[in-house]
Amino acid sequence: MAIRGLVALRTVARAAGPARCQNACPRSGHLLRSSCVGGSAGLRHATRVLVGCGSRRGQHGRTIVQAEAKNNGSSNGDHANYDFDLFTIGAGSGGVRASRFAAQNYGAKVAVCEMPFDLVASDQKGGAGGTCVLRGCVPKKLMVYGGEFAQGFKDSQGFGWDVAEPSVTWERLMQNKNKELDRLNGVYMKLLNNAGVEYIEGRGTLVDAHTVEVAGKQYTAKTILIATGGRAVKLPIDGAEHAIISDEVLNLPKLPKKMAVIGGGYIGLEFAGIYNNYGSEVHVVYRQPLPLRGFDEECRKFIAEQYEVHGLNIHSESTPTRIEKQSNGSFTLHVKKKSGQEEAIEGLETVLMATGRSPNTQNMNLEEIGVELGPKGQIKVDGFNQTTVPSIFAVGDVTDRVNLTPVALMEGMAFAKNVFGGDPEAKAEYDAIASAVFSSPPLASVGPSEEQAIEQYGDVDVFTSSFKPMKNTISGNEGRGFMKILVDTKTDTVIGVHMIGPDCAEIMQGFAVAVKMGVKKKQMDRVVGIHPSSAEEFVTMRSPSKEVRNKQPVGSSA
């Protein structure tokens, strides 16, 4: 045990006296809310806390901040020199969750800074709620819902409905969507206010390890949390200035008759599906043979096939080379095929670049004060979200780990528990994280892809099923569904579940629990299905469609 830490903890024990012992976590220097008998017992309790947290080269190998004592809510020692216990830069999902819980659950004095609200983010615009709430998951899902009505109108005729030719009032959609985003921005502001968090509007930059500057004013904090998220990036091609990004495609003033989407990732496919459903002629351009790189190969192939069934124009193995603006205001996208052939997609009203995102770490003075960044500009952190500067932590997309909103929430919660709640072991868990792509049709999965499972486990049984949902049998809808279960044959553990089809995200959430709990295939086989439903297929797949041993396929059974 470090002598300095022991001295600090003796001070804590003496201050506690014969009543309650309020200990400071040696990782962060913040109060640990635990009680014990004072005196020597208090010292023993505090010593256990120190061992649990780890010293500078303790069990976690982490640099720590020296402990301090608090009495009756007042500060002693160097704590009195700080304006806040925690200052958070960024009021997105992770930053708000961490700040709220640090303040409301653990009594920390917290401030959050965020830029003024705008539907399109910039270096000076943002808003409480962050990317997901204001210009990502939420507005996108609202538009997904809206687009699904188009297929519903068509399908209803097979069920006896006579529906007049539907039309879209795009302006009404935009107005209603924006009204909801404005409401949600206010909800996030209220959440912070109700938790006692001070909200400071403006762009935050770091001055030193304990100081943040916002709008020309400096604030000090014992701990700083960076939760600034990420931003869309464009390909560096000629005419890139004519393309828009995902922020802007959510706010088009009118529905384009013809558009191109550059990028075959989940963002590109989602918007391609949305605008196709609303009636736009959509061309999807990507460099890979299949979309959704990193997802299960069979699922990627199935999605590409379904997109063509639903009338999208797929340009695979095509590299965008330039965008030209024509005299009539339209755009031409030039692409080069893998064969070397040049192709021009003409008459475009909109070109969306959905070509990835980059962490928001620019112009924050991070490296100047010692915060190490990765090759993509992401903030490097350890398993406890701590950066190379001991008093500075980071969560969410700015760390470029698993860039999902629920993961940012999990990281923010773990940070609050670890630094302010006195739980030295609190950390995010990244196994069995379910995710969904709200494409048309949607895809959802939990666990590894088939390719990843084979590489990791060697011996894998693969169960698959492809079918036409009952709803599509008399509607004339050609859409099909697909399901896959991956089983580690050595333990009979279900390690991966994948689904393409309506409501797959809702269904997958339940399977995420099962996979996280280590469900066995024989346990799933004993489950009685809900009939008639698509989900029941998961508990009726008894025979593997593929068996893999030592990473090699060994045949299949019917």
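Counting starts with 1 at the first residue shown.
Cβ coordinates are placed from backbone N, Cα and C, and glycine is handled just like the others.
Owing to the predicted nature of the structure, the values given are computational and were not obtained by experimental measurement.
Here TrEMBL flags H531 as active site, proton acceptor. Listed in sequence order, the residues of the same chain lying 6 or more apart from H531 (active site, proton acceptor) and placing their CB within less than 8 Å of its CB: none are present. DSSP assigns H531 (active site, proton acceptor) to coil in the three-state reduction, placing it in neither a helix nor a strand.
Taken from TrEMBL, the feature FAD binding site applies to K141, G204, D397. Of all the Cβ atoms in the protein chains shown, 31 others lie within 10 Å of the Cβ of D397 (FAD binding site).
Per TrEMBL, the feature NAD(+) binding site maps to G263, G264, G265, Y266, I267, G268, L269, E270, G356. For I267 (NAD(+) binding site), the count of additional Cβ atoms within 10 Å of its Cβ stands at 23 [all protein chains shown].
In sequence order, T405 constitute the residues six or more apart from C137 (disulfide bond) in its chain with CB-CB distances below 8 Å. According to TrEMBL, the disulfide bond annotation covers C132-C137.
The domain 'FAD/NAD(P)-binding' annotation in TrEMBL covers 85-412.
Mean model confidence of the domain 'Pyridine nucleotide-disulphide oxidoreductase dimerisation' (433-541) amounts to 97 (pLDDT, 0 to 100 scale). As annotated by TrEMBL, domain 'Pyridine nucleotide-disulphide oxidoreductase dimerisation' applies to 433-541.
Highest Cβ count within 10 Å among the binding-site residues G263, G265: G263. Annotation for the recorded positions C132, L269: lowest Cβ count within 10 Å of the residue's own Cβ, C132. Local packing around the binding-site residues G204, G356 was summarised as the count of other Cβ atoms within 10 Å of each Cβ; on this measure the leading residue is G204. C132 (disulfide bond) sits 20 Å from G263 (NAD(+) binding site), taking the C-alpha atoms as the reference points. Counting Cβ atoms from all protein chains shown, K141 (FAD binding site) has 16 others lying within 10 Å of its own Cβ. Comparing CA positions across the binding-site residues K141, G204, D397, the one lying closest to G356 (NAD(+) binding site) turns out to be D397.
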